[in-house]
Amino acid sequence: VVMSDGGLGGELWVSIWLAVPCANFYLLLVENSFRQAPLIHTMAGLKLQKRLAASVLKCGKRKVWLDPSEMTNIGLANSRQNIRKLAKDGLVIKKPPIMHSRARVLARNEAKSKGRHTGVGKRKGTANARLPFKVIWMRRTRVLRRMLVKYRETKKIDKHSYHELYLQAKGNSFKTKRHLMENIHRLKAEKNKEQQLKELAASRKARAQALRTKKAEKAAAKLAGGK
């Protein structure tokens, strides 16, 4: 391979000699020539214009876009006033911010809320590390205490029942709101039953007392009549 360069930006000639064994030929000459155009860095001399444009557009130099088809006119601009005119004509533009779409993230989070992508193979860390037991305890206790306060304010339970249930909730006696509600209904039913039994006992006692009084009066009347 023979290379000949006529200088920077000149013609580059390449002569390739290939020896191809053939039956009747000993040598085959192949010559190929092509022209390589010189590289011209058109953006190298526009550092001043980029700096001025960044100052005028109030952005970084990386956000400045210069029209590549108007490099000559842009290169003549050496003041902020000229840059403002070019920006008004649309030759110098501030690039829009690069947006990072969260559509895929939102879609995946929605799928996770439905239970997708949360299997055993996706979990890293212990159960306590993923959701601490203390946090679970705090949330459950606050829910139960809010419920007790609400029931006390609406007169569904008295202050004595509130205090008793509060201590039971603190002692981890109730796991859920439903459990606490069922216990409240049970206590109210027991109290109502106890009150009914007390009233029944009082009525029986009063009736027995009335019978005894009546019997005593009858005996006294009989005794008085016999005399």
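Cβ coordinates come from backbone N, Cα and C, glycine included.
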TrEMBL annotation (region 'Disordered') - matching range among 78-107, 138-167, 198-227: 198-227
For the compositional bias 'Basic residues' (204-213), the number of residues DSSP places in helix, strand and coil: 10 helix, 0 strand, 0 coil
